[in-house]
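Chemist: This structure is in structure tokens; I'll ask about it shortly.
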């Protein structure tokens, strides 16, 4: 584990996103682990060791997604952030990104200049380019590039320059324009216009093929995420469940790692694009007892109250947690075990207070977000 990452942006006071970057990784990890243990102490099963050693990855070059604010002017664009002092700062050399991603981000600044696309000015409500979103697949080093625009006015300019860019960077496989016409701090709008025939990026974690589309959620630290999915697979296998639910399933990462040809799996996710990706993965894996549906997970669970109940349920909610209603539904279903993957230990602790009849037998921290306060937690609840 490396000790310190030397970041010029942080040293100059231009970017404070990695607020703990001056601390050695071991110290960062110890603080996160202590917070986790204090939050979950009221729920742990005192009869067996629950807190497993934290799982870590690289401290730099690990991030697969860049969200760049478009700043500056058409003749001198800047992709990055507004610093605390109000200046436009290019973050193309951010050390969280792999070196090939840094190089492409620099090229995209030149692309915006060559295309003559004016960055959107929030103070004047004028301009076209709001964000550039870049996602990298670790398995092949391929990219999905998205331009978030105020209107369609700049699309022709993007299309004019795109062949040159893709000739230089053939690893760019998906390019799209997202229209976000609202004068609000919203990352993306409803309409997505593809400028390439390909509409998805292929990824692979362990032996599981996964797909990324523009609006589908995907873990930003693939190195540690692969370990997270593999751990979930191993914990679930100990129960040999006859049936599985994967709620808030996203593109299917957890469920597909835990599935088998003879085990029925139901995956539920509100985002239709993610469900389309999960279905493609299941087909590639030859899983014919898998059903993925674009539904609200809480509503689905309520509707299934009188139906056949799964032997094990996986939940991977957003930061808000699963909520009291779904906690009660899970308690009523009474599966053998509940596997809870959380990106917010505070809401995890709150949810654990509403799940009845279970003991917390395993907890493990996965440091997907070095230098920040955030981390992922995998928690195993077993029926009393």
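Glycine is no exception: its Cβ is also placed from the backbone N, Cα and C atoms.
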Chemist: The S-adenosyl-L-methionine site in Swiss-Prot lists 219, 248, 269. Which one of 33, 64, 316, 344 belongs there according to the record?
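Modeler: Site partner of 219, 248, 269 for S-adenosyl-L-methionine, according to Swiss-Prot: 316.
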Chemist: Can you pick which of 94, 249 Swiss-Prot lists for the same [4Fe-4S] cluster site as 7, 15, 18?
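Modeler: Same [4Fe-4S] cluster site in Swiss-Prot: 94.
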Chemist: Rounded to an integer, what is the Cα-Cα distance in Å between residue 15 ([4Fe-4S] cluster binding site) and residue 219 (S-adenosyl-L-methionine binding site)?
Modeler: 22
Chemist: Largest pairwise Cα distance, Å, within the listed S-adenosyl-L-methionine binders 219, 248, 269, 316?
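Modeler: Comparing all Cα pairs, the maximum is 15 Å.
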Chemist: How many other Cβ atoms are found within 10 Å of the Cβ atom of residue 316 (S-adenosyl-L-methionine binding site), counting all protein chains shown?
Modeler: 25
Chemist: Beyond the listed site residues 219, 248, 269, 316, identify every same-chain residue whose Cβ lies within 8 Å of the center of their Cβ atoms for the S-adenosyl-L-methionine site.
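Modeler: Here the non-site neighbours turn out to be 217, 249, 250, 251, 253, 254, 274, 317, 341.
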Chemist: Please report the Cα separation of residue 343 (active site, nucleophile) and residue 94 ([4Fe-4S] cluster binding site) in Å, rounded to an integer.
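Modeler: Rounded to a whole number, the Cα-Cα distance is 23 Å.
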